[in-house]
Ligand SMILES: NC(=O)C1=CN([C@@H]2O[C@H](COP(=O)(O)OP(=O)(O)OC[C@H]3O[C@@H](n4cnc5c(N)ncnc54)[C@H](O)[C@@H]3O)[C@@H](O)[C@H]2O)C=CC1
Ligand SMILES: CC(=O)C(=O)O
Ligand SMILES: [Mg+2]
């Protein structure tokens, strides 16, 4: 008798009795599979084959990718039951390797490629997607800033695919409602252009004017071909990330958000809310007196800082006072308003209250700012040196250190080092996962400050509410819902983010809050939901959430 290997209860413990929704795929006819093969054995065989690849994560990625194409439900069953093990394989850090090698490991179509050569007929390209009427969520990248790895061109496709796998596992989007898109506008990466196997257009990126024309046509076509879709922009280079968010967030006919700016902002605000409380408990410092120093002023850094400002405004500070709690360092040093030719997105946070000689060195800047929190979104591996982290520990009984750059090879510091250099006092979250670390007989758990904790819930709430736009308040409330989702057990463990194994339930809480705020702001279009209170919205989100079919016992 086959054993029950995965049930919603098993995955989450609280979804008893809910209908499991997928449309059954035809099983191979009797006689085409060995007699004893069943889902339970298949699950075990898949896990065995996966683990037999040992310490070769890219091979594991390729195996999982093939499994997804061959037996999608088994792939999601395995992912959902083993999130901490599988997430780093289909997402950061391994997805970074998959992107670097995409043109070499590519096997089958898994999304749409829309290139600059399609300009004028983009709609026709979008129409080839087989599940047009089912598409609800898309992740669109132009491959120009993939994680911290730079311009990878069409090799950026795995990031769209990986994020959408998390929409499915994390929030319960039906697989056929997801649409990965990679825009090929050329690449300035010489390595790609010189690679005879590179699968993108062999040309340099187009200029801004041509890109604007292309993007306008693309967004227009998206709304026509996929009228019910929500668009997540992902890993556009910083200037374009800000530009297209601004251009479309209130004007496009489909809702839009930028994950690197808004999703990252939300996840870091959430971690910061919990971290600041822990830090202030140790120091006695008022929450309004935290001082946050950012290393890296790209789309992620500036997006996060704007969201972290609401930590202060929610405590009653004015916008100016909140801004005064934030300092930035980029590749030229501390960002001050007197610096010539400052990029537009850096102007808002440029300090006007410093007039000494330019400060370039992190240690000098820490001495000057006396931060309570150090946040890295710089793509600079090891930038948080021993001296810098020790200095943070001298200034604070519990320093907040968030090295958030991805993939793990670009992290500003490692968890183990942060623990040792602060004698276990650090409050830590990184962009990519680290393992727990035992120090002086005590086990410490790292937080993962990655937008994967919020984008599934933001997207699910947005789609269920049929929102016209994704508003800043929907994003901010997603962040607060995440911060509030910690259980007592997680707080007792010193965590600032929930355990990854709970991501589905946490996404439901985020989705319900997002729907509520969409209603408050009158951007929702799903009228029947307006009669539901928060508890019913949560129940509604859970009921709409997809699970892979359960092998019957
Ligand atoms: N944890 C998460 O959820 C997320 C993490 N990220 C990560 O954040 C990183 C940055 O992303 P973006 O802001 O889009 O990239 P970006 O390239 O636009 O920004 C990088 C920033 O770092 C600065 N920088 C570079 N070298 C530096 C140095 N030596 N010293 C000081 N600053 C330096 C640059 O001046 C720039 O301001 C990437 O590694 C990305 O993977 C991005 C989004 C989400
Ligand atoms: C996590 C993510 O979105 C990034 O590193 O770009
Ligand atoms: Mg990203």
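Heads up, the Cβ atoms here are built off N, Cα and C, so glycines get one too.
Annotated (S)-malate binding in TrEMBL involves 145, 406 plus, out of the candidates 101, 124, 188, 450, the residue 450. The divalent metal cation site in TrEMBL is built from 234, 235 plus one of 212, 216, 260, namely 260. Take the CB of residue 91 (active site, proton donor) and look out to 10 A: across all protein chains shown you find 27 other CB atoms. In this structure, none of the recorded positions 91, 145, 163 sits close to ligand 2 with a C-beta under 6 angstroms from any of its atoms. Within 10 Å of residue 163 (active site, proton acceptor), counting C-alpha to C-alpha distances, fall none of the binding-site residues 145, 235, 260, 406, 450. Close contacts with ligand 1, defined as a Cβ under 6 Å from any of its atoms, occur at none of the recorded positions 91, 163, 234, 235. Summarising model confidence by region, the domain 'Malic enzyme NAD-binding' (261-519) averages a pLDDT of 97. A distance of 14 Å separates the Cα atom of residue 234 (divalent metal cation binding site) from that of residue 406 ((S)-malate binding site).
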